[in-house]
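Read the structure below first, then the notes.
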Amino acid sequence: FYSCTVVLHSTVLLFYSFTVLLSTLLITDCDISPYAVHSEDVGSTRLYFVKASLQRLTYSSSVGVSLPCPAGGTPTAILRWYLATGDDIYDVPHIRHVHANGTLQLYPFSPSAFNSYIHDNDYFCTAENQAGKIRSPNIRVKAVFREPYTVRVADQRSMRGNVAVFKCLIPTAVQEYVSVVSWERDTVSIIPANRFFLTSFGALYISDVQKEDALSTYRCITKHKYSGETRQSNGARLSVMDPTESSPTILDSFLAGEVRAGLSVELPCIAAGYPSPTVRWLKDGRPLPSDAHWTRRLTGLTISDLRQEDSGSYACEVTNSFGSKEVSGALYVIDPLRVTLSPKSLKTGISSTLFFTCAVEGSPEYTVAWYRNTDPIIPDQHISIQGPHNDTLQITAAQKSHSGAYQCFASRKGHTAQDFSIILLEDGTPRIVSSFSERVVAPGEPFSLMCGAKGAPPPSITWTLDDEPVVRDSAYKTSQYTLSDGLTVSHVNVSSPAIRDGGVYRCAARNSAGSAEYQARINVRGSPRIREMRDITAVAGRNTFITCRVIGYPYYSIKWFKDGMLLPDNHRQVVYENGTLRLSDVQKGMDEGTYLCSVLIQPQTSIDQTVHVTVKVPPLIQPFDIPSTSVGKLMYIACVVSSGDMPIRITWHKDGQLIVPGSASGVGIETKEFMSSLQISKVTLKHNGNYTCIASNAAATVSWERQLIVTVPPRFVVQPNNQDGIYGKAGVLNCSVEGYPPPKVMWKHAKGIGNPQQYHPVPLTGRIQIMGNGSLLIRHVLEDDRGYYLCQASNGVGSDISKSMVLTVKIPAMITSHPNTTMAIKGQVKELNCTARGEQPIIIRWERGDTVIDAERNPRYSITINKKGDEVISTLKLKPAERGDSVFFSCHAINSYGEGRGLIQLTVQEPPDPPELEVREVKDRSMNLRWIQRFDGNSIITSYDIEYKNKSDTWDHKYTTRNISPTNNQANIVELHPSNTHLYTHTHTNTPLIKMLSCLPMTSQSIRVTWRAPRKELQNGVIRGYQIGYRENGPGSNGQYSIVEMKATGDSEVYTLDNLKKFAQYGVVVQAFNRAGTGPSSTEINATTLEDVPSQPPQNVRAISVTSDEAVITWAEPPRLTLHGVLKGYRVVFWSLFPDGEWGEMQNITTTREQVELRGLEKFTNYSVQVLAYTQAGDGVRSNVLYIQTREDLPGPPAGIKAVPSSPSSVVVSWLPPHKPNGVIRKYTIYCSSPGSGQPAPSEYETNPEMLFYRITHLTRGKQYLIWAAAVTTAGRGNISEKVTVEPAGKAPAKILSFGGTVTTPWMKEIRLPCSSVGEPTPTFKWTKDSEYTAIPVTVDGQRQILSNGTLVLRSVKAEDSGYYTCTATNTLGFDTIIVNLLVQVPPDQPRLTVSTTSTSSITLAWIPGDNGGSSIRGFVLQYSVDNTEEWRDVFITSTERSFRLDNLRCGTWYKVKLAAKNSVGSGRISEIIEAKTHGREPAFNKEQPLLTHINSTHAGLNLQGWTSGGCPITALLLDFRPKGTWAWQSLKANATAQLFLSELREATWYELKMKACNSAGCGNQSSQFATTDYDGSESLPASTRYLLSLPNNRSMDTPVKGPPQGPRLHIDIPRVQLLIEDKEGIKQIAAPVTDTEFSQSVNPQSFCTGVSLHHPALIQNTGPLIDMSDIRPGTNPVSRKSVKSAHSSRNRYSSQWTLSRPGQSQSTASARTLTSDWRTMGSHGITATESDSYSASLSQDTDKGRNSMVSTESASSTYEELARAYEHAKLEEHLQHAKFTITECFISDSSSDQMTTGTNDPADSMTSLSTPSETGLCRFTASPPKPQDYDRGRPTNVAVPIPHRANKSEYRDLAQRAYHTQGRHMTLDPSKQQALTLGHSGLGSLGVSSGTATLPQRTLTMPSSNPAATASTSSTSSNPTGSSTKMGGSRDSLLENSSSALGRLQKQGVGAYSKSYTLV
């Protein structure tokens, strides 16, 4: 994109006079892929350019631009942007920002915010890493405004047969950015062909002009390259004349210009004349030779693939018989500059000489500039620039500072090329890389020694033998040379060695950088002797080496003696194997003297030599300090030499210069033998500096330096004063101070103009900086900068000084709101609005084009001004709008600080002008009409109408031809009467007009458009459809409409526009179309899409730690285009990160500013910070986590301290680190004091921070001491610990130094629990671990170990290792204990996952986290897959979320979902896999639709539109049919939206038909029979039975006949209690609504948990409408119908209703989620299986129309399975005869409800209202075993045991005819008698006998009964004389029911050992 912009722009600049083929340009230069980077560049230099050719970038101010840095590096380079002046780039909020990746972003801005410093300037980017720093060429960045302009085409004249040239005249101001994109002829685009040519520079050529060319109008269409705006010119006419003899006239020509090589150029040369002129081309005065890349065309000469030799002077000669003309111009073909810098990379040493050559290819006349690390190179004593073009750079005696990146830039007329080289100058100190080894040679045996060294510059090598130089002579031959790789090699050759040639040879390599040495001994065989040794002078305190210079070989040993003593005799003496003696840290008194070297040459023979060592003692200066002082005081500084050999000379220096005493310096010096003093009688500021005392003697020179600081408190030189700043301009807040040390200036800011509330440090960014004199520079003043500023200065001398000031920001006038384009109707009033803001007063001026509107003089205009807050709204009213108002209007806002402008393009629409009509080719019965289109009324012509009549007739008898295509400009009128005169009128239409009703936003990305069709009389035919055009009306929009079409449906139309931008204003128009084309547009209506959450986080988030408990967070607003709404404010989310990995509590702060101060933070603590923006729609995206650390502070006191005696004179102190260290502990200080001892201060002892104990010695036995401790950080000493008292003792009882407390560790780690102790006698240790009742000793095994110091080591700890551990230390005098609470962190427990809501494409999940395992949860991992697959997908969710929505799911599909939590230990257990289904079901055939539309003898028409999709689109529809009684099926595939005909059928035949429709949710089936008619159309069967439609529960024709379902099924629905019985006669329903009239008015009847008992008589005496439960979907109301109902769908999982079924009854299809518990009677001989009763709970459909949402009960089914497992785990001896099922909590997820109800199955309990819990939509219930006392009293041997199992299809029996058996009591339920039926919960309830009336706590519902007496008698046989009641929990989203057997009542007692709680949604 950028390169394209560069090339196109260059085309305008360089080739304005030529026609350049842009297509070639684009292909050649628009590749934005990175330049090839050679491996040498990346591997060695590690710096490179990605797009170095980018040198110009132009962009639209309404769009903005992002510019990546064209440089980079490996490893990652630091990228920075600068202005060409060298100033660094700073961020300006909403204007300019540099991203972390180096991208420079310039945001869209209004014209009033233009700043040439930012928006029209040269930039360059740098890349810097270890290799160096390189810079890009300058890039010109220029913003282009939306300017008012019009394009024009002039009328032309041409002779028939000549050439006509039309040019599009573009204003000069925008010519650079506007190009011609097409031409139109009579509103039809011209396609270049035949006689029409479009040139690359935008001209239209018409060759061989004909008369009909004059009938058309010609327009050009232009487009702005950057704003995208298009313009249409006026319509120009061509006048065609008959040919007349004339000389040639040049119509179009060329001038001089430059073109880059390799491109193509077109030189136009068009001429007119008669006869037609001929064209001849010349180059440099010669005819143009034939060449393939020169092409002569009608448009001129085209030269392709330009070369250098194509440069020259070109001439075009046009000639005819009446004269000639010539046009000429120079063409310069230039090669682009290419630069090659060598060497590319170089590594050498310092002091080298370097040469760089910059080779430049391309056109001449360039200049060369050199840079090093982006700085211009200035010649000096080391650097010189040479060559004719300064293309050679030489560096002599290169220094280390000369390393870096060198760049050579070549420039020519705005084009720049460069190359760079990386130079690394290493330390050139020589190093020995090859050497010789010790050897033994015989006399006369020649040997050669080689020594190789490297260095920069190459070193020279010298040789010595026993410290004597090796002289080149006849005995020694030496040589030296340097290899190409820089290795210097030197040889010493000894041709005939003698004994004297033996010894230690040393080679030394030296250069200007340093030296290196190597030595080894060469032994020459012969009689050993010792060379004469010279006396040695050593310096005290240093090391000295003495070598025994032995020659000859062999010898046995070398020994050293001093004063007769064999050495070494102390630790400072070392004798090496080669006989060298080393004296370390020489001391005068001990080491001075004579040393004897003795060489043993025979067993009893030795030789020796002595050497005298003299020790010189250097001076030692006693350290001194110079205290700070102030002006005018006296100063005395003494320098004392405490040791050293005399004489000693002492001198003084200041700042490196010798001090000369006297009045000039103001310093006096007094020197004695070993001391010197410096005196200053009156200290002034000039005495500041470093003072050095230098002492020297014969041994050495030493010095001691200290600084004298003359302090001056700070004072203001220039005080801050109140001042104004102008928005967008630079401002300086003056504040200048002086003092010594130089004061440090800090600026603080308090927002607001009122009294300053609190000052905060000013964040110093690139935009705000403190200048050298202390003033505050604000480079770009913003509104937020206003307020109070405080300039505070301090230098540690005296008090700080400060002064406040007020900065008032003046806002220049700016236009904040105006329409870009708008339309008006001619003759109507039009209003144009502009909104401005800024400093008052603001003047708003309106202009029409370039003319100022004066409303007082022109009454057609009126201007009104309204003020609204700080905004000024100006309205320009046109009364009325006229044709001439189709121009640009502009509003200008002006105040004292600036001006802003808004540009509005007004288009006035009106009916078109009548065309110019011409009658041609009149014949006897026909004539030809032609016309020329005139003004179209600023609306597209849709058709022409022709009206004509006989001249003698009136217009009432006219003839009309309508709807002639707008592309035609002629018509033939036929069937006229001869010799008659006709009159014609010609109209053209741009109607019908459409009446727009509304544009309403539906979502953040959709708008619903409604309109009415045109009136009938204006439709001009049948409306076939509509085109809806919409465009964004905002900054950056191109003003073009996007078009969508829809078919017409009626008088009122509705269409929803989708996929729009969020919170964006759109203009919408509608056009109707018929066969003739589209009509005119409706009036544009604006609508704004709804707000949404921001899609990007705030930018440039930064954190500054101000103090130890305060931090400042700053940021910039997210990009405006990503806000998607009105920014309401920001939220800063932060939490602490503790050293152990735990997270602190998450906190957040809401603010409207772009800065927030976090106060009260933990000291020296890491914090994570995120910032988000929010709108009315909610919170946006969070920023990346930013980490900050608060500053250090004084530490807290040690958390604990102990002091115990360890001996009669010592004690041991131990302590714990502070709970809040508030920094890095540097040391601990222990204090010890003895009360009453008279010591004024305690003794202090220091330990390093790793030590947590200390032994204090030298104490007095029997004396009491106070001990305390304190921690120390860099901030200072913290608070002291508590003080403990201790007394040293000889015999001490056992005391433990370690501390108890809580220890936390992750599992599977090794943990050590220390138990250090002291005591006399030594204590013994014992570790125990607390269990429930006693302490168990810790056993030592592979996992546990007790060390000798008492430490307990636990390896691979697990959760069960958690607990309290006790360590006991014991001796004969006592014992001590500590208790350690070990907490083992484990992965978190599984969360409880549920389904919240579903839609056709999403599932929303909610969960309750399980136990966090002792470590805070870091996040959740959600996995999901389609039900029948195992391809799991992962989603990571943050720790704060408790719900998540899975989007983009398949419609009507089951999904499996599981969830796991993660903490610092790892991932926890995965939740139970739950299943959930998206909305939608398989297709079904609408029973109200006819299946067959018609039938005859051979065809049958099928109505496939009867299929309903079930909410998911139908993807396939299959049909099978066959004649009845045959086997073969015929198959077809069909479209569900069409009608299908079955053909070639047999006449008078019965057919079987099967249809299957499928979608993503499944397939639906439909079967039927039909009969064809006879061949004569007669029916073989009555019409009423011609076809049979099979209902869903009818069997198909090929399915064996099965009986209907047997026995009843019971349905219960709460809060509207409804009971349905399904048996072979159908479904019967009883409904008893539960209303407020029956209960307390304070409770919402839709949100309570209640219980109900239903009575069997009601089932017989009450019937209701039949309900089909299989087709009910969530949130719908069931539909009554009288039909037989079969089994439910096998996967109905949306439910709030239970179905209880008796076993033994058949059911065609069992529920997929059915749980059954058998209650069998156990006798003394075991389980009796002969008598059993079983119930199943299955999930049926919701029937409560009051429910507004449903949830999947798949989670419920998993809970039922858990209940079953709980009972399976129960043991038989626990006697679960009276198992209890209790609802402990029940509440619903209805936002209108705030109640939660609890209850138990004890009739004495009452429902209690509790507060709303944090997690909605849950019921919790507990299953527990019965108590032994609840057995059947008197029959304890019979125990009912639940056996969970799944119900099968044969388990349903007739409930009314079956006797119920329980505990030996038989009861027959006779439907004719009035007995009670109690309904139980799924698998846990049982049928029993209860009282006739069900009594509910608080709420009672009594069912009708016809025989109360029978009911009363029934209760006498009940197993529970007190009766029973049932409680049920109801909710809008799920229904939980619970009942208990009526066989006994549980007493008040805790649940048993097998109790388990469950949660169900």
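Glycine is no exception: its Cβ is also placed from the backbone N, Cα and C atoms.
Quick look at what TrEMBL lists:
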TRANSMEM  7-27  transmembrane segment
DOMAIN    137-239  domain 'Ig-like'
DOMAIN    248-328  domain 'Ig-like'
DOMAIN    336-421  domain 'Ig-like'
DOMAIN    430-523  domain 'Ig-like'
DOMAIN    528-614  domain 'Ig-like'
DOMAIN    618-703  domain 'Ig-like'
DOMAIN    714-808  domain 'Ig-like'
DOMAIN    812-909  domain 'Ig-like'
DOMAIN    993-1092  domain 'Fibronectin type-III'
DOMAIN    1097-1193  domain 'Fibronectin type-III'
DOMAIN    1197-1292  domain 'Fibronectin type-III'
DOMAIN    1282-1371  domain 'Ig-like'
DOMAIN    1387-1481  domain 'Fibronectin type-III'
DOMAIN    1486-1577  domain 'Fibronectin type-III'
REGION    1665-1756  region 'Disordered'
COMPBIAS  1682-1691  compositional bias 'Basic residues'
REGION    1792-1817  region 'Disordered'
REGION    1889-1936  region 'Disordered'
COMPBIAS  1904-1926  compositional bias 'Low complexity'
Counting Cβ pairs under 8 Å that sit 6 or more residues apart, are there three or more between the domain 'Fibronectin type-III' (1097-1193) and the domain 'Ig-like' (248-328)?
no
For the domain 'Ig-like' (618-703), what's the model's average pLDDT?
90
Within the domain 'Ig-like' (1282-1371), residues counted as helix, strand or coil by DSSP:
3 helix, 46 strand, 41 coil
Compare 528-614, 993-1092, 1387-1481 by their Cβ pairs under 8 Å to the domain 'Ig-like' (137-239) and return the stretch that comes out on top.
993-1092
Of the stretches 528-614, 714-808, 812-909, 1387-1481, which racks up the most C-beta pairs under 8 Å with the domain 'Fibronectin type-III' (993-1092)?
812-909
Go ahead and report the DSSP secondary structure tallies for the domain 'Ig-like' (137-239): helix first, then strand, then coil.
8 helix, 49 strand, 46 coil
